[in-house]
């Protein structure tokens, strides 16, 4: 079992790293395109993708090198001993908070009261993109204080009480409270959408022309809501096993266990950790599977624009008998 755990920490994790980084980078590039970046929900999803990209690069890459190949950056430098855990947990929590803000934004945008709908505004989203990362970095500054070398080249928590605090902090605020808030806000948003559909049915019959002018934006909002709901479901499904496992480990940490039991627990822990990293790197797949607009923008991004412009200009030169150029201007 120990050999299986080591192999899982190498090549499957390395594949998850490459997949996750590519997925988040593509998500950032697509969500930053003009068609999507004007929407508040897209900006929050953009912030989550950037956070996940940093989280995977800092956390998963270190995990692969340390656990799979036996080299620890934390033991090589006292500064990295503090910096890597600090950045990993700051961006891990930050990504989940951006998803929560996207849920709240969809709830506000679908509310019947105009005063609540005002919270779903592009200016507010831009401010949150700046302020929330600052808040996450400040709120995790305690990691800098309580993680250090306890002896030369040995990085760990410096206080047992802090270990207990951090364990409950992670389980309660990230693994339990965050999915619960996702589910509550998403449920309220779905209820808002149903109320709006009933209320708008009469208005559509009376004034079809006005509704048609806003059909494109309504379609985009509906697809963003679907993207968000699937993202929430994937978060719950992929992170809850590790949360439940951490609770089990916490309660049985001081119980005597055989070598076979510890090996089995290590293998299960690696598998659940793998699911957790998949959650951080699955954004592009989830968005592309649930949104036609995202797929269109992704294909436009991947399409070779230079080649397409070259073909068009060569065709124009041929039609008007202009000598073809070597390359487009």
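Positions of Cβ are set from backbone N, Cα and C atoms, glycine also.
What TrEMBL records for 23-287 is domain 'G-protein coupled receptors family 1 profile'. According to TrEMBL, the transmembrane segment annotation covers 12-31, 43-66, 86-104, 125-147, 167-191, 224-248, 268-289.
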Candidates 12-31, 86-104, 125-147, 224-248, 268-289; stretch with most C-beta pairs under 8 Å toward the transmembrane segment (167-191): 224-248
Paired segments the transmembrane segment (86-104) and the transmembrane segment (224-248) in contact, 3+ CB pairs under 8 A: yes
Top Cβ-contact partner of the transmembrane segment (268-289) among 12-31, 43-66, 125-147, 224-248 (pairs under 8 Å): 12-31
Mean per-residue pLDDT computed across the domain 'G-protein coupled receptors family 1 profile' (23-287): 83
